[in-house]
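Chemist: Provided herewith is a single structure, encoded as structure tokens, for subsequent inquiry.
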């Protein structure tokens, strides 16, 4: 048997900690020392030896001896570090020799030339505000000019890149530009965007080649097919016989300020000439350079006028970039060919002499025809007559804009757009309703139409009526994009808005329009209402299209088309069901965007006043629309129009209030007026064959024996004895638990026949019976709480009955109440006319 194991001696203190440290436990470490190597930064022999080897110095006697066991850094590593240091020095020396690089010097000279030209106009900013304005415009158009200049720079002037590659890129750029223009004219937006992306790639590659860089030829976009472009109108352009390419864009910066004075007279370009964009850019730069020379010579008036003329080239260039044909027959001549302008005393007359030349250079959408004379000649064809009237309205719009009457100018521009659509439709072989086109005063009728008696007076009256209508609609139309400095802007290609009729109806259309005057007043009111509603939906479709909401735009256009059919039906004397006319649109989002500035903060009281006023205006607008809808279903056109105008007025007042709040103004002064309205109540959402029963709530219902009021689980059952007692319509509500005042709010649809004799008998004698029950448990049946009875005689003159009935136990009142409603579309025997008195909010106009 083994003996007892010998006892171990007691462990000395601290021996367990040493064992833990040997195992890696409780090791103290400093993260900063691990990252920075603090222990190795001082008194490290290896690092000192490496430093001495790099610097070539000898070790100091006072230094500590390097620890044994660590070898110095190998010499091969040291030589590699030294070679790297020497290599950096050589690269710096190579960069110092870049000043002899011809490519970089050429690029630097181009940049400095543009900066010098821009800096020459800075000296006279204080003396001439107009020149400062023109300088700002010049800087904004600089990228366009640089792009055109880069396109026109000859290959001999480029220091880097092969000429063949550069010529290929330039030819490919012209190909993509023509393809993009052709796609835009054909209405192919996707193809136009693809061509524009390829054009940007080609332009960046051309810029790289011109700077001497290299590009991968495989990345050059391939040529695109131009396709069959639509027959464009004949264009008249200008040409300098001595200039075969847009050379003025390739002028050196030093010669920019010296315009060429040897330019010959302007001659029309043949069909084989290049794109007129380069000619326009060249002429624009000539005018800028001439303005710079005039400014240096001290002739600020001439410089200002030349800059104004140069500005107007931008409008034509924009139209040209959009793919629209441009008439260059009226382009101003070279600045050297213009006579010197007089001093400031005659500056205004010189402006009038130079401006028409530029105003004639505008985009055109039809064939080039002579200007309309003061006394128009007798047209031979329909196209001639349309073009004469189009030119007349264009001239009227330009003249109105020159006089500062933007409202009248926009009106003439819209009429001109109608004629442009008619010209396109006629050229495409479509049929146009010429009777709807306004006729300028004194113009002969369109060939093929029989002149009516007193045609001159009728045309003048029709023109005045159309002008007045367009002027009144100007404030509501959202066409701010048309308010530009362009005398006449070519519209986008779209379908003509005129009604298409057959040629046989052209001669009978005046008779049909004259028969409109013989319509009865009620029918005339219906036609006016339908036309206004159609115009409203067309405007809404246009706004939805501008917001890129194509589905909403299509929906509004379908409604407008259906209204057009109803208008034709009304003019033909057929009856119209106004209850089926679409309701007026409500703009929940508003017609404008409010910009709230951070520095404009209203007081808390002002914010509350604005909120209350806006709430009241919104409620009044909703009431007006509701009343208008009710009268529309009754067929009362006059009252419908009246309430629609009131709703429009409330909407305008709300917009004015929101705009004033956004500008940080104080709330406007306002007062209230008592207005009394005679309204006809109708529930248009109901059909004539249904009646709605609404069980709203129970109040303080009695509990059956053995049930406390808080444990009442109530539900309501009803019976409507129609069409007969055996086939009575029955239903019940859901169970509301644990309350004696349940809220049901349930709607039941009951089928009825308003003209049935049995329905009238039920309405007058029986009514609807209600029974309130307490829901039983699994082994207990439902317990009756009480009954109620609703009489329906008031439905003869009212379309809604609201009753709070007493709950009875047999014939004994229980103290409980039951609230119910019954609704019909309209009363059975008469109209539900109600008199409503409103406190009408009126905002007082602000003083100037």
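Every residue gets a Cβ built from N, Cα and C, even glycine.
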Chemist: Of the ranges 600-626, 627-653, 654-680, which one does Swiss-Prot list as coiled coil?
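Modeler: Of the candidate stretches, Swiss-Prot labels 600-626 as coiled coil.
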Chemist: Labelled coiled coil by Swiss-Prot, one stretch among 107-135, 136-164, 165-193. Can you tell me which?
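Modeler: It is 165-193 that Swiss-Prot describes as coiled coil.
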Chemist: With Swiss-Prot open, pick whichever of 13, 60, 257, 455 is annotated phosphoserine.
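Modeler: That would be 455, per the phosphoserine annotation in Swiss-Prot.
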Chemist: Which residue among 41, 351, 586 does Swiss-Prot mark as phosphothreonine?
Modeler: 586
Chemist: Consult Swiss-Prot and report the residue, out of 245, 355, 583, annotated as phosphoserine.
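Modeler: Looking at Swiss-Prot, the phosphoserine feature maps to 583.
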Chemist: Tell me which of 298-325, 326-353 corresponds to the region 'Disordered' entry in Swiss-Prot.
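Modeler: Matching range for region 'Disordered': 326-353.
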Chemist: Count up the helix, strand and coil residues in the compositional bias 'Pro residues' (438-448) according to DSSP, in that order.
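Modeler: Residue counts in helix, strand and coil order: 0 helix, 0 strand, 11 coil.
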Chemist: Tell me the Cβ contacts of residue 583 (phosphoserine) under 8 Å, same chain only and six or more apart in sequence, or just say none.
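Modeler: In sequence order, 625, 629, 632 meet the Cβ cut-off.
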Chemist: Other than its close neighbours in sequence, what residues sit by the coiled coil (600-626), given a CB gap under 8 Å and a spacing of at least six beyond its ends?
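Modeler: Hits for the coiled coil (600-626): 583-584, 586, 643-644, 646-647, 650-651, 653-654, 657-658, 661-664, 666-667, 670, 838, 840-841, 843.
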Chemist: For residue 583 (phosphoserine), which DSSP three-state class applies?
Modeler: coil
